Amino acid sequence: MRPVPFDCGGGGASDEKNPAASTCGVYISPMTKKLKAQHTGPARQRKERAIRVFFFLTALASIATLSFIMLFLFAEGVPLFRDVPVSDFLFGRYWYPTSDPPDFGIFPLILASLSVTLVASVISIPLGVMTALYLAESASHRLRQWVKPIVELLAALPSVVIGFFGMVIVAPFLQNTFNLPTGLNLFNASLMLAFMSVPTICSISEDAIFSVPRELKEASLALGATRWETIARVIIPASLSGISTAVILGMSRAIGETMVVLMVAGGAAMIPTSLFDPVRPMPASIAAEMAEAPFRGDHYYALFATGVVLFLFTLLFNLIADHVAHRYKQTGAATL
């Protein structure tokens, strides 16, 4: 149809002969009016309300599932403390749950978990962050397109495969090289956990570094800073939030890993005195003993209580990661 002449005078009233005309004389087709009614009508509001309810129920189901798991974990672990004091459980030096009388001290298990996590972090953090810096700042675009997916694919390797590699390849090498009684020890477990943590640390750190605004880098170079000074004083501070989060998430994965430490840590529930002592971290103890623990017995409750402690450690790492991500969110801008 031929549009009504553009005329905004006369108070903007619509043409009586052409009610489809707007207040300024612009023609609005019936299809447009129909679509507008659909976008603002009751049908659209009902659809949006249904979508909101669906997403709310989905989120509620996720929260309810996690809450149920937490309640179940605490419900099965707390009964142990009717017979065993909390201090004896946390700081007891002996874990002999099947002896008579049994000993339920998980202090060696806690130290083993923290030790393998600490040593794995010492290995994986520099390797992961330096690799991320290279990919984001030095590698060519073509090389980055090849290396980044490979690094991310390493995170998809099954933990049992990594544990098998540590048990069959790394353990004999350590035993022969250092003349050890066994190659299944704290150092072997730390190496395998570091290998598992590097892809997480590298991938998240690389994304954080790569997202630093180019203007910050160019401003630093324009002021006479070298490339290394720009990386150390501009890029790293600006991406500190993402790097810190990557590091803590990598440590969180290391402390909660089960299959690798079960296969290569040695399985000895004792306080380690060197890197080459066999140890038994908390996840390995739970996995190895749950099948043989009498149902609803003290050993059963002790394993669930150990799971509660492990859960609290993992929760602590995640809370620290969340705090660091918010605390240093504006580090780059504040530094400049």
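Cβ coordinates come from backbone N, Cα and C, glycine included.
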Annotated stretch (transmembrane segment, per TrEMBL) among the listed ranges 187-208, 231-252: 231-252
Positions on the same chain near the transmembrane segment (231-252), where near means CB under 8 A and six or more residues out: 117, 120-121, 124-125, 128-129, 132-133, 137, 197-198, 200-205, 207-209, 211-213, 216-217, 220, 225, 314, 317-318, 320-321, 324-329, 331-333, 335-336
Interface-richest range of 53-75, 104-129, 150-174, 258-279 toward the transmembrane segment (300-321), CB pairs under 8 Å: 104-129
Interface check, the transmembrane segment (150-174) with the transmembrane segment (104-129), three or more C-beta pairs under 8 A: no
Distal contacts, the transmembrane segment (53-75) - CB-CB under 8 A, six or more residues away: 304, 307-308, 311
